[in-house]
């Protein structure tokens, strides 16, 4: 039986699920960009791409060379095809305008070009996270200047989301709103090939991912929940748990997606005015969409991530996602 490439899968989705041709083309272009990013990541020190740029992004985070390279690759790959009305990125203060010499399309692309890039110099898995939204009608005019308001849609409005993980293998995880598929890059073939047909997050788990060094700063519900996990079989949950923390959201969530668990990056007391560390639009929303489509759940502790109405492009949020039963337990603790 012949292998199913990403292109073939998307064509079949167009035939069977009425996936628009423009959306199919957009996903293929993003996938090609991810292949190019994977190539740069894999060269490491040999390609002169490691280290810092000496600049900061809008979040005040030091930009790695590969942050900027990956951002440029995604912009250049997607700006000319006529399928996008605009783009937004972790690495840019404002929305990216499609150059006037190119036609505009019906979609918006939001992305973190290289999640986990602080780990790139130590050869830890990193990745690209992306989200696709429909552009509101009032911004579809060729001459209309796009501003961030076009992007401020709740995660329930996403039409597609995915991430590429650059590890021992390069994989693309994708949802079009009808389940989650996994594609592995066949470097000899030069294509992403369907290798994981119907990814499901196990409902229960014995693993969790959180940065324990921040424990003293967490809110009481998170303190309580993690304390119960650490108590193991002698505690109220009557089960031993293992902790895993890679400090790369793509890597941590990918592990949870494939074998179950709970990923937590809660708000803490050091910056009370900030509701969390991770960005809603291009980290929490796409990952939450994927996790929910795989049978898991995602919350900020008080409400479903996908129901949050964004107020700004780079809005931060507390994130707790993964196996459904555990997410529901943490949510219940927050509501007591």
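Note: Cβ is positioned from N, Cα and C throughout, glycine not excepted.
Checking the candidates 90, 91 against Swiss-Prot: the one annotated together with 112, 114 at the Mg(2+) 1 site is 90. Among the candidates 78, 178, 211, the one that Swiss-Prot lists alongside 115, 116, 117, 118, 277 as binding substrate is 211. Going through 233, 271, 283 against Swiss-Prot, the one listed in the Mg(2+) 2 site together with 112, 115 turns out to be 283. Other than the site residues 90, 112, 114, same-chain residues with C-beta atoms no more than 8 angstroms from the centre of those residues' C-beta atoms, the Mg(2+) 1 site, are 67, 70, 71, 89, 91, 111, 113, 115, 117, 128, 129, 282, 283. Listed in chain order, the residues near the Mg(2+) 2 site other than 112, 115, 283 are 90, 111, 116, 127, 128, 129, 163, 249, 250, 278, 279, 282, each with its Cβ within 8 Å of the site Cβ centroid. Rounded to a whole number, the C-alpha distance linking residue 115 (Mg(2+) 2 binding site) with residue 90 (Mg(2+) 1 binding site) is 9 angstrom. Around the Cβ of residue 211 (substrate binding site), the number of neighbouring Cβ atoms within 10 Å comes to 15.
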